[in-house]
Amino acid sequence: MDSQRGIVEQAKSQSLNRQSSLYSLTLDEVQNHLGSSGKALGSMNLDELLKSVCSVEANQPSSMAVNGGAAAQEGLSRQGSLTLPRDLSKKTVDEVWKDIQQNKNGGSAHERRDKQPTLGEMTLEDLLLKAGVVTETIPGSNHDGPVGGGSAGSGAGLGQNITQVGPWIQYHQLPSMPQPQAFMPYPVSDMQAMVSQSSLMGGLSDTQTPGRKRVASGEVVEKTVERRQKRMIKNRESAARSRARKQAYTHELEIKVSRLEEENERLRKQKEVEKILPSVPPPDPKRQLRRTSSAPF
């Protein structure tokens, strides 16, 4: 009985701590809390709104109970550091509200007949949900098993307690076995929080990790290998043609050199023969007698 009473009191304290967050207030109430900033809530973009909410919650005096208070404050501060997509973070609250109304107008006739809440009546958490910044979480009391090695059928007094920090981070905690003491939340590392945010915010993984290289599919890899092989074959064929032209030119030059050497050898031998043979002077020209008539008759 004492353990069941401790579980109920702990659940009540956690619900009160969650209700004290600005995320559960309406936008009119948030405007009242942010009234000192001097800027209208509708003209703020989502990035400025989340930063303002985070700063206001950080400056508020801590009135939480000892049991689970530090974990709830840590989860709310993690909400303020949420990474928004670039196109959505630059939109103002009025523009986001217009987009939400357009999506509602495109729904069914039954949804259009329902009472349409105004912008001031909507909570900040609902605005972020409908804007697509966060996704709704399903309660894990009926589906999730115990965490930390406990069994599902360990007893009626050991019911599973789920602590929800913000609308998109959930972690489990179990009551202490020996005595009903303060429940400490199951530790969630920064890496687990980043994985849960990236998995629940669909379509934002490319924006959050711009440096990550996408894994190439098998078809792209095959095309790349095929192009590389074709390029290698072309390079080999071009190198073979170049070697053939070079060999033909070298062979032609060798033939010309051999012909010139033969001609040079022939001329050298002819010159040596001319030196060995005696030089005969050319014969004198013969004188011929001519008949002339010098006496008259």
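Using the three backbone atoms N, Cα and C, a Cβ is placed for every residue, glycine included.
As recorded in Swiss-Prot:
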| type | residues | note |
| --- | --- | --- |
| COMPBIAS | 146-157 | compositional bias 'Gly residues' |
| DOMAIN | 225-288 | domain 'bZIP' |
| MOD_RES | Ser21 | phosphoserine |
| MOD_RES | Ser43 | phosphoserine |
| MOD_RES | Ser81 | phosphoserine |
| MOD_RES | Thr118 | phosphothreonine |
| REGION | 227-246 | region 'Basic motif' |
| REGION | 253-267 | region 'Leucine-zipper' |
- [ ] Determine, to the nearest whole angstrom, how far the Cα atom of Thr118 (phosphothreonine) is from the Cα atom of Ser43 (phosphoserine).
- [x] 16
TODO: Tell me the Cβ neighbour count for Ser43 (phosphoserine), meaning other Cβ atoms within 10 Å of its Cβ, over all protein chains shown.
DONE: 10
- [ ] Tell me whether Thr118 (phosphothreonine) sits in a helix, a strand or coil according to DSSP.
- [x] coil
Task: Per-residue pLDDT averaged over the region 'Leucine-zipper' (253-267), given as an integer - done: 96
